[in-house]
Amino acid sequence: MIDLTVNGATARVDVDPATPLLYVLRDDLRLHAAKFGCGLGQCGACTVLVDDRPVFACLLPVGAVGARTVTTVEGLGSAAAPGDVQRAFLHEQAAQCGYCIPGMIARAEGLLRKTVTPTETELRSAMAPSLCRCGTHMRILRAVRRAAVMRGGGVVEPAEPVT
Amino acid sequence: MSRPGIRRIVVIAVVLLGLCGIAFAAIAYRPAIARVTRPDPRQFDPALVARGANLARLGNCVSCHQAAGGRPYVGGYPIKTPFGTIYGSNITPDSATGIGSWSPAAFRRAMREGVGRDGSHLYPAFPYTHYAGVADGDVDALYAFLMTRPAVRAVPPANRMIPPLGFRPLLAGWKLLFFDPQPVVADPRQSAAWNRGRYIGETLAHCTACHSPRGLLQQEKRGDRAYDGGWSGGWYAPPINARSPAVRAWTVERLDAYFRTGLSTAHAAAAGPMGPVTYNLARAEPADVRAMATYYAWQMRAAPAARAEPRLPDRRALAGQRHPEGARLYDGACAVCHEPGAAMMVAGRPALPLGTPLHEANPRDTIQVILKGLKPPVAPRGPYMPAFADALDDRQVAEIVAYLQARHGTGPAWPDLETDVAAARKEGE
């Protein structure tokens, strides 16, 4: 038996500790926001927060989570009452097919929990591990910038004028 | 002692100290070279600029003269040393903040003698100890290349040195001790490619800056210790001489492919600070890269794998018994790509036991690869591994490393893995 804290609630699951966290979230806990994409840590669709840090849930053995807390997009808001990052994504219409978006939102949330005033470089490198095959990256970046402002910060541009 | 006696001793001491100071000042003093108006970029022969571009790639200048996310040659990359952090300088032709006001003579003096245009001594983090051997024509080509880059007005962060090392005249003393420029004289017994490879590797490419151990004052160890393995940005640069720990021979072909693609299918992908090196080599003249491969294959000609490539064990069951948690973590986090038959193996990536890190004298590179992963070093399509720094804690990474070494390693077991994981997190970039 493995005990997990997911979205503030505790859960007990009876699985092999080498099982990827993603399978436990989707199959045992019925939390379907995080997606299976590549299963190789290459696409980011499975990204969730573990102790405020974005990780690939497809490559994290559930037995390695331990006492750390897991947060999925379900823990950030609902369709009826979306959280601020979700509202920012809605406002910028950042989703096309939407498959990558739960991972993108988890990644954005992880960045904003670290700092609400990231530089553009920090923003881009934080979001880079998640891929969007539809090509909505520019809208996704706008959404994260908007969410940073909603949290009282904002993305600061590095000053480096060219002569 | 009488008062006049004490006074005499004090006077003599003051005079001696003063003489020492004057002597040191005489050694340390280098005059400024007058500013020039930034040369018109159109005055440079395009062929000379192209030659300089190739040399800048071979020399990997941007590794230090470009910050993460910044523009090339603008500087700002932090070089961490035991004596403090030095930031790569702006070497774009901006007259106020770069080298736009440097004459060819000032540039040559900086490259050859480690002295800035204003006469200040440069920290040997700028490897003039190597550049002293660069041929005149090549220095001029680099000058032409840099002077034709876009001028960017940017001041890198100020160096943060442990006092009194921020006082640059002290570097004159370092130079007296360790700066002994030797020209690279061609060896007529060796091929033209070997000689070209040695010239590039020993001067502009400054490979020993990472691959040789350093002494107390950060001087590179030479002679028998050259290429004996060193440290760079929290990563271990393994020996690339007869003590290379690789388990497959570094032939000219394999080195050439590794330099140009960032991947040797018989070894591993270029990781850590070697990634950007291959990025630049992939864009340099292929003949020069092959020449370097020729010279460095020769450097490793007496390495164990060059004599006989060992059979590689797979002690899976034994390693699992010894490190059961490491085995479970490996099964859940690593096996999907690394186990024989996994998708990435079928795609032609080198098998885990071929990776040189598992056979090195210390666990640092194995740990760093797990913590930081791999970025495709040369092109968007290339070897990639996700970073596990945020997914696994120090103990978990240590368990995986212990399991991997027990399963595939060929050297003695690494001690204190958890301590080294914590250190790697701190030191890594």
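The backbone N, Cα and C atoms fix where each Cβ goes, glycine too.
Quantities reported herein were computed from a predicted structural model and do not represent experimental measurements.
If you look up TrEMBL, you'll see B:Cys61, B:Cys64, B:His65 marked as heme c 1 binding site. If you look up TrEMBL, you'll see B:Cys207, B:Cys210, B:His211 marked as heme c 2 binding site. Annotated heme c 3 binding site per TrEMBL: B:Cys334, B:Cys337, B:His338, in sequence order. Annotated domain 'Cytochrome c' per TrEMBL: B:47-150, B:192-300, B:321-408, in sequence order.
Around B:Cys61 (heme c 1 binding site), the same-chain residues six or more apart in sequence whose CB sits under 8 Å from its CB are B:Tyr73, B:Ile91, listed in sequence order. In the domain 'Cytochrome c' (B:321-408), helix, strand and coil residues by DSSP number 51 helix, 2 strand, 35 coil. In this structure the C-alpha atoms belonging to B:Cys337 (heme c 3 binding site) and B:His211 (heme c 2 binding site) are separated by 30 Å. Distance between Cα atoms for B:His211 (heme c 2 binding site) and B:Cys64 (heme c 1 binding site): 16 Å, as a whole number. Within 8 A of the CB centroid of the heme c 3 site residues B:Cys334, B:Cys337, B:His338, the other residues of that chain are B:Tyr330, B:Ala333, B:Ala335, B:Val336, B:Glu339, B:Ala342, B:Met344, B:Leu352.
Sorting the domain 'Cytochrome c' (B:47-150) by DSSP state (H, G, I as helix; E, B as strand; all else coil) yields 43 helix, 12 strand, 49 coil. Around B:His338 (heme c 3 binding site), the same-chain residues six or more apart in sequence whose CB sits under 8 Å from its CB are B:Met344, B:Met345, B:Ala351, B:Leu352, listed in sequence order.
In sequence order, the binding-site residues from B:Cys61, B:His65, B:Cys210, B:Cys337, B:His338 that place a Cβ under 8 angstroms from a chain A Cβ are B:Cys337. Along the domain 'Cytochrome c' (B:47-150), the predicted structure has mean pLDDT 96. Here the Cβ of B:His65 (heme c 1 binding site) has 24 other Cβ atoms within 10 Å, regardless of which shown protein chain they belong to. Cα to Cα, B:Cys207 (heme c 2 binding site) and B:Cys64 (heme c 1 binding site) are separated by 14 Å.
Listed in sequence order, the residues of the same chain lying 6 or more apart from B:Cys334 (heme c 3 binding site) and placing their CB within less than 8 Å of its CB are B:Ile400. Taking the centroid of the Cβ atoms of B:Cys207, B:Cys210, B:His211 as the heme c 2 site, the other same-chain residues with Cβ within 8 Å of it are B:His206, B:Thr208, B:Ala209, B:Ser212, B:Tyr227, B:Gly230, B:Ser232, B:Ala237, B:Ile240. Within the same chain, residues at least six positions away from B:Cys64 (heme c 1 binding site) with a Cβ under 8 Å of its Cβ are B:Gly75, B:Tyr77, B:Ile79, B:Gly88, B:Ala125, B:Phe126.
The separation of B:His65 (heme c 1 binding site) from B:Cys210 (heme c 2 binding site), Cα to Cα, is 16 Å.
Helix, strand and coil counts from DSSP across the domain 'Cytochrome c' (B:192-300) read 50 helix, 10 strand, 49 coil.
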